[in-house]
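Worksheet: the structure to be examined is printed underneath.
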Amino acid sequence: MAGKSGKVNKAWLHDHVNDPYVKLAQKEGYRARAVYKLKEIDEVHHLLAKAQVVVDLGCAPGAWCQYLSRRLGLGKADTVAESDGPTPKVVGVDLLPMESVPGVQFIQGDFQSDAVLQALQQAVAGRPVDAVVSDMAPNLSGHAATDAARMEALIEMAVDFAQTHLRPEGVMVAKVFHGSGYDPLARLFRQTFRQSKAYKPKASRSRSAETFLIGQGLRM
């Protein structure tokens, strides 16, 4: 077992070191290669073109928050000063700590807890949310049915939040995994949004079971 584990770790390290997205993230100052998943989704589907308020669930270590901060022009005093409308806002939530990102409000805690949900509601301060993006995943137990149920519960809560806080034309992006829990989540997106689709960006490794569900426009 130890030998097999060592081979797996060496293979992962080799792939990581030679990964073009890892190198690009380092060059462009992003904390993780995962940023290019959201970036491609945004560029292909034009999800954040007019976004002013975005909630990032499962945001640590902060690469998506970095992209959102840059995309919305946060952390630039001249941009904020020249704006005639409300200041753009990004709120990130994660169980793990995250180093600060310019213009991003971070809430550390369990998204499934009442305290964090209340803090998140206070952070958006009654403003309609333009986009909810989720890179959340539960701690995996190794038991497929248990992990699928945990993932489903997590995304269901994220969708509930989106239904309550998104503007009618708002968008949601959520990482999910193919497997026994995928179909219920895909169905939930179809029931919740007028348009829904699954998309696997190039930065998502081919051997990974992950894909991203995209929902646009709430069904009223």
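Cβ coordinates come from backbone N, Cα and C, glycine included.
The shown structure was predicted, so the numbers you read here are calculated from the model rather than taken from an experiment.
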> If TrEMBL says G62, W64, D94, D110 bind S-adenosyl-L-methionine, which of D42, D135, D147 does it name for the same site?
Replying inline: D135
> Quick one: mean pLDDT on the domain 'Ribosomal RNA methyltransferase FtsJ' (30-217)?
Replying inline: 94
> Whole-number Å distance between the CA of G62 (S-adenosyl-L-methionine binding site) and the CA of K175 (active site, proton acceptor)?
Replying inline: 16
> What three-state class does DSSP give W64 (S-adenosyl-L-methionine binding site)?
Replying inline: helix
>> Between D135 (S-adenosyl-L-methionine binding site) and K175 (active site, proton acceptor), how many Å separate their Cα atoms?
In response: 5
>> Need one number for the S-adenosyl-L-methionine-binding residues G62, W64, D94, D110, D135: the maximum pairwise CA distance in Å, whole number please.
In response: 18
